[in-house]
Amino acid sequence: MTGRPLTIGTRGSPLALAQARMTASALEQAHGWAPGSVTIIPVKTSGDRIQDRPLAEVGGKALWTKELDLALLTGETDCSVHSMKDVESERPKTLAIAAMLQRADARDRLIGAGSIQALPERAVVGTSSPRRKAQLLRLRPDLDIVSIRGNLDTRLGKLQAGDVSATLLAAAGLDRLGRAETGTAIALNEMIPAPAQGAIGIECRADDAVTAAWLRAIDHEETHAAVLTERAFVRALNGTCHSPIGAHAVIEGGRIRFTCEILSEDGGERVVDCAVFAVGDLDTPAEMARAMLAGAPDSIRHLFDAA
Ligand SMILES: NCc1[nH]cc(CCC(=O)O)c1CC(=O)O
């Protein structure tokens with residue numbers, strides 16, 4: 001390592017720590033640094049402190065990033081590792097997302113039943129994601145959706161205890177915590193994932209060219225382009241990670257294929273669109289967002305007014 005050791009700021013949850021370790025190893029490998037030479041610094045975030053109610057209710061942005069941003073801006077850390085899904089679409093100008101690791105499985109997995117159709121009539125399903133709730137209710141209006149929070153083990157514990165008969169979790173998170181066998185994947189066209197689901201991003205200070213260059217060596221370009229597309233859609237909606245938005249981009253034949261939807265809270269209404277356009281074109285997803293909102297019923301439109 002040249003000069004100084006690199007430090008990574010991360011949330012302290014088991015998933016966040018696993019993602020920070022993946023990032024540290026990727027950096028050590030890419031640059032021929034000794035294993036363990038990148039230091040991981042856990043930082044407690046507002047989102048971690050609030051365990052008793054749905055975050056959608058608490059409101060406010062930057063629940064997962066504020067304290068990590070502070071550690072970065074004060075020089076305590078050199079970069080922050082994030083689940084891109086939890087990173088608000090507007091970031092401080094003083095920071096830059098310099099790299100994204102290759103996206104893992106972007107799908108949700110259903111745990112507790114073999115498929116959404118196989119859930120018993122009026123089954124209780126635990127999720128505090130407004131997107132998952134709306135998507136589930138659209139397919140199965142009879143379901144009783146209840147809020148559950150906490151880390152993966154807490155949620156699986158509530159399922160085990162019979163508090164809920166099923167839950168949905170991101171495949172990427174389950175896989176990274178060694179639970180590749182848990183649950184059944186829901187097809188991408190049955191439930192469009194959250195924007196940036198399955199992608200890990202690494203952010204550094206905008207004026208730190210040394211760290212930025214180190215990070216660029218582990219950037220996965222296709223993931224980066226796809227996630228920027230999804231984030232451009234969210235930004236144009238004025239959405240947050242608590243809005244009922246599905247958005248998923250893939251690169252096919254050198255072009256972006258982008259599928260997106262916005263839903264009313266009870267899933268009773270939705271607007272969906274799909275388009276193919278050039279990689280790097282962030283105007284088209286923004287334009288799609290504005291057109292979808294303009295044509296959406298009030299039950300959807302009001303969700304994006306307040307922001
Ligand atoms: N909002 C919590 C969160 N943020 C990122 C992931 C999973 C990992 C990922 O999507 O990369 C999860 C858990 C979940 O939704 O099941």
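For all residues, glycine too, the Cβ spot is worked out from N, Cα and C.
From a predicted model like this one, the values you see are computed outputs, not experimental measurements.
What TrEMBL lists as domain 'Porphobilinogen deaminase N-terminal' is 6-211. Taking the domain 'Porphobilinogen deaminase N-terminal' (6-211) as a whole, pLDDT averages 93 in the prediction.
Each residue in the domain 'Porphobilinogen deaminase C-terminal' (226-273) gets a DSSP state, and the totals come to 12 helix, 21 strand, 15 coil. Residues or ranges marked as domain 'Porphobilinogen deaminase C-terminal' in TrEMBL: 226-273.
For CYS241 (S-(dipyrrolylmethanemethyl)cysteine), the same-chain residues 6+ apart in sequence whose C-beta sits under 8 angstroms from its C-beta are LYS85, ASP86, GLU88, ALA194, PRO195. The feature S-(dipyrrolylmethanemethyl)cysteine is assigned by TrEMBL to CYS241.
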